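Look at TrEMBL and you will find C:14-35, C:42-61, C:67-85, C:92-112, C:118-135, C:142-162, C:200-218, C:247-268, C:274-291, C:298-314, C:329-347 tagged as transmembrane segment.
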């Protein structure tokens, strides 16, 4: 399969410029690039979501024009999206045949599909119970359903867009085993990712994109992560974080017996207690969806705590009510939220307006807002954090992800807080900015701030943290020292496997009940009468 | 559209305005109340009077519908400024606006219907609605087999209560035990324009066993008559003769000769016999009455007709005095 | 990726609305032609009626006053992400406040009564809007639904109060006792003969002040900042510690107070008494005005003037062109609302092609 001279513009933005790419049959081909490099656009053209402004696509030597995804499927191209496109309350088999039914009657299609699924499962190690409902499956299993969907439709070329973002290391390994089997069976895999480790681990060839252009295609065996990073960013990048040993001071943030429920009343944080001292970074590791978001939201006042207390600088702060975040800020707690677009920024407002978000009441006396002061301080921060473009009057949506994140960081750091809680500081941020953001977080620590860091990037947690807490199913299942803990140990903890509840098959895990019922655990049991689903396997 | 065309359009408009302002028509004008020209009722009756005048004399007249209260004064003033006379405004809602504008145009004649404005250049025409309603009440009570009849006023409002009260009195004069249900369409003037709601309200009455319904809801009354007809029961029209709307299912109509009032005003002006002051039109003046025509001939028995004739004679002679709700805001029955 | 190509600002705020209005008139013109009238003449009459002579212009400004207040009542709420469909009812209930104060102070000079009417109208309107705000903030009842229902409740409640309690003996139509001339909101023709026989009054000046005030509030105060954050991104508002429930209640009260000024214009000024259903749709036009004006006071001012001109021009047209009925004028007004509001972006794609700029080689986007 090859692409020749692909161009695609969205208005004034040229997402793809003269892209040439050829992928050999029966290989795993990686495509790496920073966010916004044009990877997803290119794949969407291949899959028929967009039509290229110019350029040609060749599949098996023949020139084709792909106008929609059905067409792509007919040519044997299937795609597994970053966000799964599954109907939650349908069974696996129903999802697989959805849109590919042979006739108006479902029966024959289903029995045919059942046979085929059995065959596919045998050939590629893609075991999934065909009659399970999607909503009952773990994320990794759902992803397998997506792959099955593509294969069922006869895909020879499989495109996977950031497939490991939601997976545990073990699940990712499982996925890679599946991909290898698929390759060995003659399928072609295109893997889009920004994780260089994965590229090195699984791909045969790798293409690097930068700012809409194809920089280079390399044999994976002949390159190194450092070289790829340099190609992606266009300059030398330091992948390791350089930091001095921590010198923890007094306790600045103290969380005691915290219980937090989600919007449906299901407990997501279950009786968590920990402390963060001045001058240390405490990292919270865990697979996405194990209570990290709710933990951050509750500590920062974005979500009501059901039980427990949060003390900032020794003082217990009531975070209850929809203005709890303001009280916590006043107490010296700053928060860089996990999702800057949804939580940390109002992208339709201007840069200077976002630069005062949460602190706007300290600008101006009385009713009036001191716009002059706000703009002046925003300009200072732009200078200090090298935010580009350096324009306080630009709509925040027009900044790149990295610069948006810098706006948030600058705002939260420059208020000189005692406690800084940071969620996913480098999600969707390009490598150059990651380096800068990491340095800033370390600098805050060295300035004696207490920092709580939550990230799904295990590498990030390990390189930044002074202590690591592992969160699984709303509980802290272990603490590790980043200097000694290896990835395997952490991975097991993240998967819910730890000494006190020695494993275990799924049934046993689900049936597990606390031996000593504390009052809080009793409350928790009452709050969620049904047994929590185990999403780790 | 180019700029030049725009300018010429403006110029055209200005010129037209100037022509209209400059010429002195002595034509009559008619400004309808909120319900609008073709309400099949009160306003349409006035329109019919004007059409009658136009047909008979060959003279023309102008008319206008308004869209809000703020336009009342404006509309009267526009016609007066441009020399129309008489200016006929059916509806009591005009009283305040007319009181304000009429003194500014002492040479223009105004006719207000359903309200009294005591000014030297205003003729006020009011009706004894209770008398006509008494007659249709008699017919309703005689027609009813269930012993339950209904009345649907647009909303709780003195003038409409006068209809309802006369109707009740008439019905009880035939059958003292008769049950008269009264349900409003809505709460304000917009109820006059809500036939859908009127249908619902009527259906509810029919469900309770009512078999004759008197509509006192102007434009919304069409919904009352429709519902009664659909259920195979009888409706009674109001203001205009509405017997033709659902032949065989409109028992009769309480006609209020707004058309006559409008026609007379126009003719008087033409003949130079126009006069100010209050004109009260009752049964004696043939200003109100029950409508009999081919459409309802089969529904009216000779006994019914005789009862109506008898009551008419007694009301005219003064033997029967039908109570006017407006006098004491109460209904004796 | 569905990001729109940004149009040059002047195209977005000026050319697009103008083209939309012209398109509406084009279709309106076809309607006029269908009934055998000359559409150019009709446009001429409408423009003449709206701007051509003092009293006509006065009427235009009178309607504009109502539409500015109603439009601001929608816009202010919209800035906080609230869709206030209730200015109609809020203005109606405010009429009660205005008339109660005016009748209590009847006979006093307007310099005393008018501020009192403004305060009372504002308070009553605010109270009527506060209830849906409270229900949204504390009980989660959707504000669109509650404000619509509160319009109906207002109609029934006011109908009852007017006909059963405020109506003086011996008056036929459902209305309150009149306010003495000295105590009414003075009409502009007292000061300026140009507006003779037109109802435009000092409320118009108040409307202009309200436009400036709303601009200041939204873009130059802490409260306005919080309001906009809430309106654009409620999650970020919570993140920033902006109390969602408090903001909703205050903003709705503020919107209601603005809607209440419609009552000052009509009850306190034009009619000098409380008439049944005096708002007659101005509150609903406010929704269209706010949308056409994109919630910005400047846009609200322009679209309110456009609708004011349409209303007065439409009346002139009905008066001058016998073939044109009330319904046809409503049709034309509705076309303007349709093209500028609901289908306001219909002409955007062709304009985007016209104003397409060659790609900037240094910027690229994907993902």
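Just so you know, glycine gets a Cβ as well, placed from its N, Cα and C.
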What stretch, picked from C:92-112, C:118-135, C:200-218, C:247-268, has the most CB pairs under 8 A with the transmembrane segment (C:42-61)? C:200-218
Under a Cβ pair cut-off of under 8 Å, which of the recorded stretches C:118-135, C:142-162, C:274-291, C:298-314, C:329-347 contacts the transmembrane segment (C:247-268) most often? C:118-135
Decide whether the stretches the transmembrane segment (C:142-162) and the transmembrane segment (C:298-314) have at least 3 CB pairs under 8 angstroms, with pairs required to be 6 or more apart in sequence. no
Under a criterion of three or more Cβ pairs within a distance under 8 Å and sequence separation of at least 6, are the transmembrane segment (C:67-85) and the transmembrane segment (C:298-314) in contact? yes
Top stretch among C:200-218, C:274-291, C:298-314 for CB pairs under 8 A with the transmembrane segment (C:92-112)? C:274-291
